[in-house]
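Per TrEMBL, the feature transmembrane segment maps to 34-64, 76-95, 101-122, 198-217, 223-241, 370-392, 413-434, 449-470, 491-510, 530-550.
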Amino acid sequence: MVLISRDGEKEGASDGAVVDFRGNPVDKSKTGGWLAAGLILGIELAERICVMGISMNLVTYLVGNLHISSAKSATIVTNFMGTLNLLGLLGGFLADAKLGRYWTVALSATITGLGIILLTLATSIPSMRPPPCDDYRKQHHECIEANGKQLALLYAALYTTALGGGGIKSNVSGFGSDQFDGRDPREEKSMIFFFNRFYFGISIGSLFAVIVLVYVQDNVGRGLGYGISAGGMIIALVVLLSGTPFYRFHKPQGSPLTVIWRVIFLAWKKRAYPCPDRPSLLNEYQEAKIPHTQRLKCLDKAAILDEYASAEGNRSNPWIVSTVNQVEEVKLVFKLMPVWSTCILFWTVYSQMTTFTIEQATFMNRKIGSFVIPSGSFSAFLFITILLFTSLNEKLFVPLARKLTNTAQGITSLQRIGIGLVLSMAAMIAAAIVEKQRREFAVHQNTKISAFWLVLQYFLVGAGEAFVYVGQLEFFIREAPDRMKSMSTGLFLSTISMGFFVSTLLVTVVDKVTKKSWLRSNLNKGRVDYFYLLLAVLGALNFLVFLAFAMRHQYKGQQHISPNDSVKKEHKNSNGIRVEEMAEMIRIEAKEGP
């Protein structure tokens, strides 16, 4: 048996060929399809259970068991989630440039399993925790905080999990879609159903984590809760490997990040050269698939043909001179960045649902009869709302908008993002009002209000995500260069990552400026409502900046597509796959999201 190499096919096979595990051309009757895709689905389900089981309930362990302050605990959680999403860029780069999706997913799943096993040990070994602390000492801030040695294993576990999770996040759905041929009408229809089922699997995994695993962690034991996650990942990895003979493999074609880096490098190297008066003098001007534009003319210098670049054989060397098409591709990527930057604050708001909102729940009445709902399980309302509004967008809002606007798209991608940003502001205002009331009842009447008041902020953030998530991804898909579509996943994941890191920065700054008076472990003595209002104000300012960018933005189709061909090119990529399907593909890749 000749197992495929990590490059995706045996040496000598043609670039872009689809091969089986022996490196031979695929036999569609024996490879790919639902059997192969179903075996791959297990990895994403296990990854969702692992990551959501950590992120949605870790803060209660850090505050309650390790006696770490609320602000520092929130920082630990947001740094973990930010790093996980940022490492999705690394996973995507490795898969595109060298390893291929199969090997990247398998290696990442192994690393994730190792990280969860370490986390199980970190939360099970008594010496990894400080001495217990009674309520009196907690109220007077006399608890002994976990020391560096006790936190070392926890940090190692979290960031090992982040490394593996990032690799899975950026590749597993793409590997699943590889099992269907988009050029075959029957398999193309199956591909659409695959993404629907993929999304469903992600949602089920998230709900299982926040309802079942969180309950086990709080009422039975952290070790058992994380142990279940580790066991699930190991089983999913075994299932993935057992399906090797049934998979279809695509050879890595190189990362678009390399193209971007080369253009920037050559433009800087030739920075002293004047730009030609006629763009037609630039390298391969006539062959460019993307028309030359006047914006960011400094990058045009990468395509200047000097005496050395004009020499025989040097024109085709991408490290000596770029083509006009490559330069224009990089310009399109830079054009995405203003909107990209204004989406970050939404994910900063979203990160509060995994930190301070869960802390709020611990200070509220969580009882239904004699049953006490775990604080982290209230996150289920977030995922339920996301599922609800995602369905409403497809079945109600978009069809209605199509009738009102007489356009095929209905709601534009930037309009979706704008709606989501407004909802995030409303969520923070609602969160501030609820927290103010909770604190007043607790301090002045010694009464706990119902934790179900938190459903409002979960609802608004979940509805906002349903708009921002789809709008942002649709924007990147439509506006990114055709051959850089896969990089849209990385750009999207990086906004989530930056959102969590900005949350960390804000918590640190607010904690220092207010001298730790706003964000305290005992929320009754803090003012988390002020922090929520601060986020609402920042959200309003960010929305104004977003409006300025959105009003000036000109869609790629409006610039480069002729009127007679606009509908066709707007809805199809180079392989004939509809943009809406591509949006669903990338949405699933990122949805591990936050």
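Using N, Cα and C of the backbone, Cβ positions are placed for all residues, glycine too.
Where the annotation comes from TrEMBL, it is an automatic prediction and has not been curated.
Note that this is a predicted model, so its numbers are computed, not measured.
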Stretch with greatest number of CB pairs under 8 Å, the transmembrane segment (370-392) reference, 76-95, 101-122, 198-217, 223-241, 530-550 candidates:
198-217
So, does the transmembrane segment (491-510) come close enough to the transmembrane segment (413-434) to give 3+ Cβ pairs below 8 Å, pairs being at least 6 apart in sequence?
no
Segment-segment contact (the transmembrane segment (223-241); the transmembrane segment (198-217)) at 3 or more Cβ pairs under 8 Å:
yes
Against which stretches of its own chain does the transmembrane segment (101-122) lie, if we need a Cβ under 8 Å and a gap of at least six residues from its ends?
4, 6, 8, 40, 43, 46-47, 50, 54, 91, 94-95, 128, 153-154, 156-168, 171-172, 174-175, 178, 223, 226-227, 229-230, 233-234, 236-237, 240-241, 244, 247, 249-250
Given pairs 6 or more apart, does the transmembrane segment (34-64) have at least three Cβ pairs under 8 Å with the transmembrane segment (198-217)?
yes
So if I exclude everything within five residues of the ends of the transmembrane segment (198-217), which remaining residues of that chain have a CB under 8 angstroms from its CBs? That is, six or more out.
41, 44-53, 56-57, 61, 173, 176, 224-226, 228-229, 374, 376-377, 379-380, 383-384, 386-387, 390, 584, 587-588, 591-592
Same-chain residues at least 6 beyond the ends of the transmembrane segment (491-510) whose Cβ lies under 8 Å from its Cβ atoms:
71, 74-75, 78-79, 81-86, 88-89, 166, 169-170, 336, 340, 343-352, 355, 472-473, 476, 480, 518-519, 531, 534-535, 586, 590, 593-594
